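Below is one structure; the comments refer to it alone.
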Amino acid sequence: MAGGNFTEKGKEYPGKMTVFVFLACLVASSGGLIFGYDIGISGGVTSMDPFLLKFFPSVYAKEQEVVETNQYCKFDSTLLTLFTSSLYLAALVASLFAGYITKSCGRRVSMLGGGVIFLAGAILNGLAQNVAMLIIGRIFLGIGVGFSNQSVPLYLSEMAPAKMRGMLNISFQLMITIGILAANLINYFTAKIPGGWGWRVGLGLAAVPAVIMVGGSIFLPDTPNSLVARGKPEKARVMLRRIRGTDDVDLEFDDLVAASDATEAIAKNPWSTLLQRRYRPQLAMALLIPTLQQLTGINVVMFYAPVLFKTIGFGGTASLMSAVITGLVNMIATFVSIATVDRLGRRKLLLQGGTQMILAQFVLGTLIAVKFGTSGVAEISRPYAIGVVFCICVFVSAFAWSWGPLGWLVPSEIFPLEIRSAAQSAVVVFNMTFTFAIAQVFLMLLCRLKFGLFYFFGAWEVVMTLFVYFFLPETKGIPIEEMDTIWGQHWYWKRFVDDGSSNKVEMTSTAV
């Protein structure tokens, strides 16, 4: 196969899934709630007339124009998009610092700090009196997202047994989808509050997932990997016994210590280490996977869903309900990934999901082209609107069981310990860079490219599906500290690592 599937001949550590690990991963994955809730709530409040009238009156005036107005350009506003995308710019910057804190203080401290800062942003947004307060609040939210997105996937991958790592790590994406759905439901009901202050409730309720994350982080244990790296081997051994449910942890513990010793020897500066030739495969994945994940167009669909539905002719309440429907599909489809990722593997889900997204995007673009053309002027019938929503649901479901969860899972499990924190920071940086860029230009591109915007994202989905087929090896079932071997067996990446035996870390134990 072109992707060079790994044959899973690595070590198999003793142990099992314990209730302790399940609960710890469940609590840690609540970090996804804050990210998902923000994605869902932003698009909802920016489609509410009282919110637009108070903070973005020019957009409100344009929205009230008659239907003969070009529908593609109704919401094109630099200030409005800055409100939405400022969070991602802040997350980008924060993730650079989060890598150092995660490495030196542990994953738990990084999650706790992110939750506290996100809580402050939620309070500011709920009480906002002007655009400046809104954007400052968004920046605080972004810092919290940067810290949680950097630390939570690492925490989940390090705590989970190798054979169940995919399922447990995807709980982060599941929490994102639950956050999106909860936000969409809140948008739908708060939009009906008399007096027009429902948007304050939606923005302020972001404090709820923040409190859950802060409360949970206080009681979470740190990972054995992090404890070893911070010079606490005995605590790490005790924790390893606890999370694996067995005293027979010498094999895995020795590998953790060996990896940590190698880290001390060669990784005084993990950022410069990441740039070395032998880490070229990991660097490429850290750059391309999060970048391509955003070029699916999913975030513009999810956090602009109410605006997008309103643009193509849905009423205000109908657009919010349509966003609820897509949010529900997003959450349910994530369970497909949880159920299959450790059986089918990462590549099969990515290839199938990519193909389905390509078809959905091109059909969706064609439906909008037929109805609105380039003028952007049309009335949309109920059956036609249902067809549009169905296409969006097909697209969202494909993303939710492929690039959504696996865009976080694969990077978090492929990095060796010596570059893990820095590389995960790079993942978040590239993810947030492109989320920010696409959020900032989406409404402008919709105005200028019109229905062609959907073809634009469809073309990128062709690129990313080919990328998976040719360049992404299978990582299913491989212990996280053994992951280096897959690159030496890959038809392309082996030129950078010479062969599968050229690991930096000399493991002390014998493979099973």
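Cβ coordinates are placed from backbone N, Cα and C, and glycine is handled just like the others.
Unlike curated entries, TrEMBL annotations are predicted automatically.
Per TrEMBL, these features apply:
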type	residues	note
DOMAIN	24-476	domain 'Major facilitator superfamily (MFS) profile'
TRANSMEM	19-37	transmembrane segment
TRANSMEM	79-102	transmembrane segment
TRANSMEM	109-128	transmembrane segment
TRANSMEM	168-191	transmembrane segment
TRANSMEM	197-220	transmembrane segment
TRANSMEM	283-305	transmembrane segment
TRANSMEM	317-341	transmembrane segment
TRANSMEM	353-372	transmembrane segment
TRANSMEM	384-410	transmembrane segment
TRANSMEM	422-446	transmembrane segment
TRANSMEM	452-472	transmembrane segment
Dominant neighbour of the transmembrane segment (384-410) in 168-191, 317-341, 353-372, 452-472, by Cβ pairs under 8 Å: 317-341
Non-local residues, at least 6 beyond the ends, that sit with Cβ under 8 Å of the transmembrane segment (197-220): 24, 27-28, 30-31, 33-34, 37-38, 41, 44-45, 48, 50-51, 108, 111-112, 114-116, 118-119, 121-123, 125-128, 137, 141, 144, 148, 155, 179, 183, 186-187, 189-191
The transmembrane segment (422-446) touching the transmembrane segment (168-191) per 3+ Cβ pairs under 8 Å rule: no
Within the predicted model, mean pLDDT of the domain 'Major facilitator superfamily (MFS) profile' (24-476): 85
Cβ-based contact of the transmembrane segment (79-102) with the transmembrane segment (452-472), 3 or more pairs under 8 Å: no
